[in-house]
């Protein structure tokens, strides 16, 4: 058969099995189940003894297949067994809880040959715990010395334990000589929950007011914490107007100085000792003094008398700038379930905790659902909470989450952007261990990936995998070269990707936004990528002046979706609106909020602020998001403040299904705008001014200036259009700016064609032909139309850039353009005045001449003909001519 996989190197002992001389229960959930094992000496002729494992927990609930006891070694004794050899024939293929199990060693196996005994799953290379066994020694002195040696203690071992609720236990060890007590809190709750335990004020009847409690839990980075808190009010920790604090606040928060948020750390008399999370169970050990030097916020613990203790579990509020602490929120559940009281004498030893705590949700790592056209970024990072120990120091991360459980849907392509390094190629396999099963003489099915599926952030490699109807429900993503770097892929049928046509990850890859356009309405859904109390998405470039939609689940498990208008940064600035939202749904899946709704593109109302919340599918929609611990209908307060939010909006093109982060103005588009200003702000208007106001200058200077300026402006304009088309990768006429710009471009391009097709100039004394008159009017008014459209396009272009990129300089550029246009209008008005004055002076001031017509051309002259004569014959007086009268001499 296939070769047996080797037993991995021994890590730090897991608290499943422990060598020692007495049986003592330890916390830690199914993987942290306890047993101290006394190994009997070998019988005559090395016959196998019997191994008693009290309260062994082989693994989490569910059928555990092919798990068995195997023997290992730390050093090779004489005729030692090969590492990883089976020690007992009995498989651990069922759930064990609070049971005593007896295993008979295999024939020919004696205790001196078994220095290490482990519960190991060869299929997944999972080590569930091990015990080091003391070797049998015939020397009575050595045996006596071993017996006299005190047993080593783990941070999970305590002298007493009490069950506070079905989900919470308290353990303690009294160290009266050291004026201290060690307390361990163990709860089958999520990582976003706190555990609180402390002593009530003896001067009060059973009450939490005045209680001295320790609040313990885990940060978002997975690190344990335990801090000293004091209760002054039945509320979350709040800041008063005078700068003080009230509620359930850290001792250091009450003792702030000069408005500082740090406070005096010396009043925090709770010292963290140890903490871990395993199989959905939180465990934190801390130490506190019996008689504390802090008389204001600490309650003295009498070790020999009964005292009232309080406890609670609930959601944590993330730190912010005003309150840089993890703060407990209201537990909000019935007494005995999430909070309660207990009379306790810490000197009376008790063990009221049979068996380990069993959490319903044992998957503590992140969960990610793959979406269509949304790449999953694969990187590497340190192994902090890898779900299948033992493991290497470096494991795979997907979207910044350590070895998450990946959920994919059949028929939906999954795109991986592999940036884990050139030595970590990604592949999808049926093997739970990975690292190329053929190297271990094992078989596997590879569904995607190869040695070339590797890359770095500078040059990532795209790997596309399409799960089909033949893909099993469970596969794995792994590294092709190193084992146990990835984790599970759950393959399911259907989901949000099937219900919505488009989806994008919003900023920082923490919220996924779904949408489908349907006639005059839009279907929208949002899903968080981590656990939270609520999720909010907003339409706008920032939180202020945005329309927001919030989804949350209340304490009764009912989902809500509400719409809001936000005009400030405090709770009073969040105003609930009455938008026409239909098909509203909100649910929580393992702490992850998902909400959906349908709304019209254009609200059918007027006079209210939400009536302006119009979605134009042809215009990019800016979307932001926020998450927090708690939300409610009605008046909002500081406790509803978000704990994490997007850094910048994402601009979503609803029609194309694409999205991009809002960024600074693109340099190429800036060049486009500058060239259009040069063309339509300088060159082309300059050519028009030359044709109208320079004809009084001798020669054809006006004609040359008009021609060269117009053709130069046309060339610059054409280059500016090419820059914009190249940057945007094609023509698009969806925006107002593009439509007006196209009109200006069309009329401008007509001018050189019009000049080329102009009719012949009338000779002296001839009547202008109808074609010539038509051409002159067409040439004049198409030019004026192009000028008006171009100036309008300049303004709409600045407006479009401001909406698209949110540049703070757009307002200044717009003001500058307004000043330029006003200045140009004033200059033209002055030139027009001078022209009229020059014409009047030329007619009235002639001394020896009388001319029957103007010496200058009127508005409809030929702008492109240099030898045009100075007056135009009136079509109604065919016989008119110029006559010069001279006085008679003598």
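Glycine too: its Cβ is placed from the backbone N, Cα and C atoms.
Residues annotated as compositional bias 'Pro residues' in TrEMBL: 1-14.
As annotated by TrEMBL, compositional bias 'Low complexity' applies to 33-46.
The compositional bias 'Basic residues' annotation in TrEMBL covers 71-81.
Positions annotated as domain 'DOMON' by TrEMBL: 166-314 (among others). For the domain 'DOMON' (166-314), residue counts in helix, strand and coil come to 10 helix, 71 strand, 68 coil, using DSSP.
A mean pLDDT of 91 is what the model gives for the domain 'DOMON' (509-628). As annotated by TrEMBL, domain 'DOMON' applies to 509-628 (among others).
Feature annotation from TrEMBL assigns domain 'Cytochrome b561' to 636-838.
As annotated by TrEMBL, region 'Disordered' applies to 1-46 (among others).
Annotated region 'Disordered' per TrEMBL: 71-92 (among others), in sequence order.
Summarising the annotation, TrEMBL assigns region 'Disordered' to 868-890 (among others).
Packing against the transmembrane segment (674-694) from elsewhere in the chain are residues 701-703, 705-710, 712-714, 716-717, 719-720, 723, 744, 748, 783, 786-787, 790-791, 793-794, 797, 817, 820, 824, 828, 831-832, 834-835, 859, 863: each is 6 or more residues past its ends and has a CB under 8 Å from a CB in it. Positions annotated as transmembrane segment by TrEMBL: 674-694 (among others).
Packing against the transmembrane segment (706-726) from elsewhere in the chain are residues 668-669, 671-673, 675-676, 678-680, 682-684, 686-688, 690-691, 741, 745, 748-749, 751-752, 863-864: each is 6 or more residues past its ends and has a CB under 8 Å from a CB in it. The transmembrane segment annotation in TrEMBL covers 706-726 (among others).
Nonlocal intrachain contacts for the transmembrane segment (738-757), taken as residues 6+ away from its ends with a CB within less than 8 angstroms of a stretch CB, comprise 680, 684, 710-711, 714, 717, 721, 731-732, 775, 778-779, 782-783, 785-786, 789-790, 792-793, 796-797, 864. Residues or ranges marked as transmembrane segment in TrEMBL: 738-757 (among others).
Residues 673, 676-677, 679-681, 684-685, 688, 735-737, 740-741, 743-744, 747-748, 750-751, 754-755, 758, 810, 813-814, 817, 821, 859-860, 863 of the same chain sit 6 or more residues outside the transmembrane segment (778-798) yet have a Cβ under 8 Å from a Cβ within it. The transmembrane segment annotation in TrEMBL covers 778-798 (among others).
Feature annotation from TrEMBL assigns transmembrane segment to 810-831 (among others).
Panel annotation: around the transmembrane segment (810-831), residues 677, 681, 685, 689, 692-693, 791, 794-795, 798-799, 801-802 of the same chain, lying at least six beyond its termini, place a Cβ under 8 Å from a Cβ of the stretch. Secondary structure of the domain 'DOMON' (509-628), assigned with DSSP and counted as helix (H, G, I), strand (E, B) and coil, comes to 8 helix, 66 strand, 46 coil.
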